[in-house]
Amino acid sequence: MGIFAAIGVLSPFPFYWWLWNWPQSWVDLCGRDRDPSKVMALVAHFFKLIQFISLFSVSTLHWPPPFYFWPLFAFGQFLNFRVYQLLGEAGTYYGVRFGKSIPWVTEFPFGVIKDPQYVGSITSLVACLSWVPFQYILLWVLGYAFMILVESKEDPSTRAKPIH
């Protein structure tokens with residue numbers, strides 16, 4: 001079961017890497033009638049479900065959680081909610097790479113925390129360490145670290161051109 005759980009945890013990162021590096025292929029695949037950010041969000045939710053199922057398959061759940069769970073999980077989810085609230089779906093799901101105009105945001109957590117969406121997700125994962133074996137949390141965190149590195153190298157000339 002361990003190798004399947006590891007594959008499930010890592011499954012979305014090649015997809016995100018492909019979208020970041022070749023956004024025009026995604027826009028072309030989505031076609032004129034579909035918003036590439038919306039379609040990406042749907043695919044990302046499917047991958048997130050695969051990741052959660054993978055983690056649950058190797059987890060040992062017990063109640064109550066340790067004292068550190070609630071503050072870490074709450075802070076992580078707050079950051080994720082705040083990023084979505086400020087950027088919306090297009091800003092969260094690579095809208096800039098798909099040729100959309102996304103306003104520059106400087107409100108908290110932007111300008112204070114670098115890559116707050118990933119920091120929030122990592123914080124929420126670390127909160128679950130009492131339930132999930134360390135190596136699976138580490139794999140997921142390494143996937144986020146990989147995406148932070150990939151997304152730090154944005155070349156505007158490779159952005160997709162919208163289909164008219």
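Placed from the backbone N, Cα and C atoms, the Cβ positions cover glycine too.
In TrEMBL this protein carries:
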type	residues	note
BINDING	ALA74, PHE75, GLY76, GLU154, ASP155	S-adenosyl-L-methionine binding site
TOPO_DOM	153-164	topological domain 'Cytoplasmic'
TRANSMEM	42-63	transmembrane segment
TRANSMEM	131-150	transmembrane segment
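Long-range contacts of the transmembrane segment (131-150) within the same chain: residues 5-6, 9-10, 12-13, 16-17, 20-21, 51, 54-55, 58-62, 65, 115, 118, 121-122, 125, each at least 6 residues beyond the stretch ends and with a Cβ under 8 Å from a Cβ of the stretch. Only residues 6 or more beyond the boundaries of the topological domain 'Cytoplasmic' (153-164), in the same chain, are considered here, and those with a CB under 8 A from a CB of the stretch are 21-24, 26-28, 31-32, 36, 96-100.
On the 0 to 100 pLDDT scale, the topological domain 'Cytoplasmic' (153-164) averages 81 in the predicted structure.
On its own chain, GLY76 (S-adenosyl-L-methionine binding site) has VAL119, GLY120, SER121, ILE122, THR123, SER124, LEU125, ALA127 as residues at least 6 apart in sequence with a Cβ closer than 8 Å to its own Cβ. Long-range C-beta contacts of GLU154 (S-adenosyl-L-methionine binding site), restricted to its own chain and to partners at least six residues apart, with a cutoff below 8 Å, comprise VAL96, ARG97. Of all the Cβ atoms in the protein chains shown, 13 others lie within 10 Å of the Cβ of ALA74 (S-adenosyl-L-methionine binding site).
Here the binding-site residues are PHE75, ASP155, and the one ringed by the most other CB atoms within 10 angstroms is PHE75.
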